[in-house]
Structure formats: structure tokens, C-alpha cells
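Remarks on the structure that follows.
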Amino acid sequence: MSILSDFLKHPNLLQVTDGGPLVDGTNGVKGTRVVGSVSNARELRGADSLVGDVERAIIQVQETELLAEVCNTVFDVMKQNGEVIVFSQDLTTAQRKLRIAGFRVTEVAAEFPVRGIKLVNFGEKVALDLGVVADEDLIDEDGLLQEEDFEKPTGDQLKAGGCGPDDPNKKKRACKNCSCGLAEQEELEKMGQIAAEPKSSCGNCSLGDAFRCSTCPYLGQPPFKPGETVKISTVDDF
């Protein structure tokens, strides 16, 4: 078995099993660390003396979940460019678990072992060129405005729009669920008209001067129908 023979040449060899027999030829190899249970393999990550010291590893774990955990552990303690072989009856699962742990699968034998290598590429540092912004590259915000942008809007332009028909000959009316502000505008106009209309205290303003009180705002005006709009002159006659 050439793969195994190559591994046995390295003194920093780690072998993890799930309690089964060891691979033939690993007994008595100088520098070989044998972990006979997966529970002990979990403690490898905390062993400062072992982290980064393993060059080769042999994994003999058949249970899928335990195999994934062992592969992760071996990857953490292994040196860069270190190699691992997994003896498993399910070659597809062994390849997948190695790749998930971070290994690159390099060889799949016709028998049981799957071979992988630890390659960690941190990439190259790239200097960021933020550049220098010159004053001439700055945009004058006032230069983006047109002449009409400086004109004061008229009252009609400030009025709310959006409700009613677009026919210019028809006055727009606020819709039932008005949200454009036209309903509030109509309400304010209505309140202004009510406030502008003179209040009658005696109720006889429309009957004529003979029935009006001395402070009636309609003194001097001809009789009119109740509810009829009457314009009152605010200029005194001299």
C-alpha cells in the first residue's frame, strides 16, 4: 500500500480511530500519536503542543457525524500542506467530509483510502488607492439649477392637486379618501367664507332699515332674501 508507506515515513503522524483495529504497520512507528476514541480527538484542538505539529494523519471512523467532526479537528491541528488519508467504506461521504473540513481531495483509491491535503490560501494584500479629490472635480450645486428654479411659485402652483378630473373648465373636488391635501384646503376655504360673512344678532337684517338695529352692518342696504350674498361697502361716504 504505497500511500500508507509514504505516510509512515513522517514522524509527526496522527492516527484517529473509532475503536477499531489500527492500520497494519502503524504500531511502533516513532512519533505516531494514536487517538483511540473520538471523544479524545475533540481535545486535540486545545492541545497547544499538537496544534500545527501534525504533518500526516490517518482517520479510521465509519460513523458519518463523527467522521465530520474528526476531519474538522485534524484540519485545525495539521500543518500547512499536511496530508490526510481516510479509510472508509463510503468513499463519497469521505470525500465530502474532507472537502467540508477544508481539505482538497487529491486521490481516491480503488480500495478504501481517500487522500486529501491542507491548502490554505490567504491571498495577497492589495493596497487600496483612494486617490485625491481635486477642487476642480467638485460640482457647484448652484450651477445645476435653472432660471425657473429661482422663481417664486404662485398661489395656484402651491394649491394641492391630484383629486377630481383634469378638465381645466371644471373645479376639482376632493375625493372620499383624499390624501393629497385638497380636502384640507377646501375646509380652510370654507371656514374662511363663514368667518367673512357678517353675523346677524337680531335676525332682521334682511327686512330693511326700518327693522334693523343701530349696529347692523347692512344699514343703508336694500332688503334682501335670507341667505343671499350681499356685498357690504367698507368705504365711508363724506
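Note that Cβ sites are derived from N, Cα and C of the backbone, with glycine treated the same way.
Among the features that Swiss-Prot reports, [2Fe-2S] cluster binding site is placed at Cys163, Cys175, Cys178, Cys180. The [4Fe-4S] cluster binding site annotation in Swiss-Prot covers Cys202, Cys205, Cys213, Cys216. Residues annotated as region 'N-terminal SAM-like domain' in Swiss-Prot: 1-121. Positions annotated as region 'Linker' by Swiss-Prot: 121-150. The annotation region 'Fe-S binding site A' is assigned in Swiss-Prot to 163-180 on the grounds of sequence analysis. The region 'Fe-S binding site B' annotation in Swiss-Prot covers 202-216. According to Swiss-Prot, the motif 'Cx2C motif 1' annotation covers 202-205. What Swiss-Prot records for 213-216 is motif 'Cx2C motif 2'.
With a threshold of 8 Å between CB atoms, the same-chain residues lying at least 6 positions outside the region 'Fe-S binding site B' (202-216) that come near it are 222-226, 228. Under DSSP, residues within the motif 'Cx2C motif 1' (202-205) fall into helix, strand and coil as 1 helix, 0 strand, 3 coil. Residue counts for the motif 'Cx2C motif 2' (213-216) by DSSP state, with H, G and I taken as helix and E and B as strand, are 0 helix, 0 strand, 4 coil.
Comparing Cβ neighbour counts within 10 Å across the binding-site residues Cys178, Cys180, Cys213, Cys216, the minimum falls on Cys213.
Cβ crowding, taken as the number of other Cβ atoms within 10 Å, peaks at Cys205 among the binding-site residues Cys175, Cys202, Cys205.
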